[in-house]
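Below is one structure; the comments refer to it alone.
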Amino acid sequence: MNAQESFPLLQGAQTMIMPGDDAAPVKSAAGSVSILLIDDDVELCGLMQKFFARHGMSVEIVHNSHRGLARALTGAHDLVLLDVMMPNLDGFELLGQVRHRSQIPVIMLTARTAQADRILGLNAGADDYLPKPFGPEELLARIRAVLRRMDNTRHSEVESLVVGPIRLIPGAREVHCEGRVVGLTSIEFDVLEQLVRLAGRVLSRDALTTALHQRRATPFDRSIDVHISHIRKKLKRHGDRIRTVRGIGYLFCSEAEGDGEGEVER
């Protein structure tokens, strides 16, 4: 798959959102958005760099997996775009190593479109997963959605959300459970925060996807289910507070009840 096939519609691509709405680049504390692009397709990287520059985003390009890993851990970027099919160290392995030491947002890009690969990426800790070929505007929208979540948390007032032994600190993006820090990825934190803020209310998968990604869930999108499964495991015996509502979605219970993998009839 060549660069034009991976990143179609580039020539003459225009944003469709008028000035004054939320299409403006989300700014990091340092100023313009900084993206690290790890991909061995030289031509595609060049096209993407030019496209994002027109939208106020700077892009550092790395074609080598090991250097990409080193750069991802510097803290110098707001977000990483990571190609799965990299030589030597593939994107899944690279992301796994990043997640051991950093919660920087990562969007995976790949020509591998099977659901199993998407789930593998989410299991590795990806915040989003976009199959090639993709339109530049869709990638831009997904980047903005991820950065907007991070930006909203960064600038929120100091507060804690406490339900039983679980305490969320949105400003620090930390979760504490029975005195220990729970190591959630960025997207897992956002899912749990949505559930805790609306504890006792049922949230559909579509509502969660819209809140987190600013798009509707597709019929075969299981990303929310994957994130919920990870959160339950990390909360250990308190994971049963996240209840499955059959055919609808999930709710967070203020009191633990039963087995977290069970379902609630509605």
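Glycine too: its Cβ is placed from the backbone N, Cα and C atoms.
TrEMBL lists 34-147 with the feature domain 'Response regulatory'. Positions annotated as 4-aspartylphosphate by TrEMBL: Asp83. The feature domain 'OmpR/PhoB-type' is assigned by TrEMBL to 158-254. The DNA-binding region annotation in TrEMBL covers 158-254.
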Practice task
By DSSP assignment, list the helix, strand and coil residue numbers for the DNA-binding region (158-254), in that order.
Solution key: 39 helix, 24 strand, 34 coil
Fill in the blank from the handout: Here the mean pLDDT of the domain 'OmpR/PhoB-type' (158-254) is 88
Handout entry: Secondary structure tally of the domain 'Response regulatory' (34-147) (DSSP, helix then strand then coil)
Key = 53 helix, 25 strand, 36 coil
Problem - Same chain, 6+ residues apart, C-beta under 8 Å of the C-beta of the residue listed as '4-aspartylphosphate', given in sequence order - result: Ile38, Asp39, Asp40, Asp41, Gly91, Met108, Leu109, Thr110
